[in-house]
Amino acid sequence: AALNPWDVMLCVSGTAIACENALVVAIICYSPALRTPMFVLVGSLATADLLAGLGLILNFVFQYVIRSETVSLLTVGFLVASFAASVSSLLAITVDRYLSLYNALTYYSERTVLCIHTMLAGAWGVSLCLGLLPVLGWNCLHDPAACSVVRPLTKSNVTLLSASFFLIFLIMLHLYIEICKIVCRHAHQIALQQHFLTASHYVATKKGVSTLAIILGTFGASWLPFAIYCVVGDPDYPSVYTYATLLPATYNSMINPIIYAYRNQEIQRSMWVLFCGCFQAKVSFRSRSPSDV
């Protein structure tokens, strides 16, 4: 079959995603200092995005090299599980940020570690189940009338996935609003203690709120068009509509390493040590909380 330019762009996007996130995973695995719950969550996100990038590459290869319904189902299931794990990891990071501010005094405890590991286990378990659904029979290979805009997923399948995304997005929106309230309340308390709000505190508060808005805005702008189109779209519509909404969704996995990993000082330091050895072991960096990442 002739190459579809949209498939090529998805493959290129998958290659960039895989390379970016493979570096993050390598840095976290290489550096013993990056073993805190915060970096476990970042590593989970990077692993999910890495698998999603590999899934996009495999989907392109199998679509044009090895044409098989079985392989197509496996690839689609792999992509669904990977992207579901990515979105779930973003939710877990949001919950972790909220807990680090709401329960600041008890955050660094064994209970928090257990909570984070439980969240990740649940997120990956649910994601795996969602990925297995089309493989185990919830597909439209033998019933074309049931197909959705994402073949071979059925309309009911993509509706379930879209509803899950909308729920996660609303939970993240609520948590980030609560985080903004906590940050502003802390700034107000500092102002009362010092009898005025210094310029540095105002700038830090404004920067924190702006960062949260960028994070949530990027996530919503990437995934909302595709999730909405999966619900309202019809399989008879031109496939270009599916590609035009799916491609921006993949960009979220490309942006995640920049937002959650490469901006962190510890990861920056580990990157230099890994590639250049520019830092001495005795050089210390300020330990940052999840709310700073």
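Each Cβ is built from the backbone N, Cα and C atoms, and glycine gets one as well.
As recorded in TrEMBL:
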{"type": "TRANSMEM", "residues": "6-31", "note": "transmembrane segment"}
{"type": "DOMAIN", "residues": "20-260", "note": "domain 'G-protein coupled receptors family 1 profile'"}
{"type": "TRANSMEM", "residues": "38-66", "note": "transmembrane segment"}
{"type": "TRANSMEM", "residues": "72-93", "note": "transmembrane segment"}
{"type": "TRANSMEM", "residues": "114-138", "note": "transmembrane segment"}
{"type": "TRANSMEM", "residues": "158-177", "note": "transmembrane segment"}
{"type": "TRANSMEM", "residues": "209-228", "note": "transmembrane segment"}
{"type": "TRANSMEM", "residues": "240-262", "note": "transmembrane segment"}
Other than its close neighbours in sequence, what residues sit by the transmembrane segment (114-138), given a CB gap under 8 Å and a spacing of at least six beyond its ends?
37, 40-41, 44, 48, 73-74, 76-82, 84-85, 88-89, 91-92, 95-96, 99, 152-154, 156-157, 160-161, 164
Take the C-beta pairs under 8 A between the transmembrane segment (158-177) and each of 6-31, 38-66, 72-93, 240-262. Which stretch has the highest count?
72-93
The transmembrane segment (6-31): which same-chain residues, six or more beyond its ends, come within Cβ distance under 8 Å?
39, 42-43, 46-47, 49-50, 52-57, 59-60, 63-64, 239-240, 243, 246-247, 250-251, 253-254, 256-258, 261-262, 266-267, 270-271, 273-274
Can you name the far-off residues of the same chain, 6+ from the ends of the transmembrane segment (240-262), with a Cβ under 8 Å from a Cβ of it?
6, 9-10, 13-14, 16-17, 20-21, 23-24, 27, 42, 45-46, 48-49, 52-53, 56, 83, 86, 90, 93, 149-150, 214-215, 218-219, 221-223, 225-226, 229, 233, 268, 271, 293
Model confidence over the domain 'G-protein coupled receptors family 1 profile' (20-260) (mean pLDDT, whole number):
85
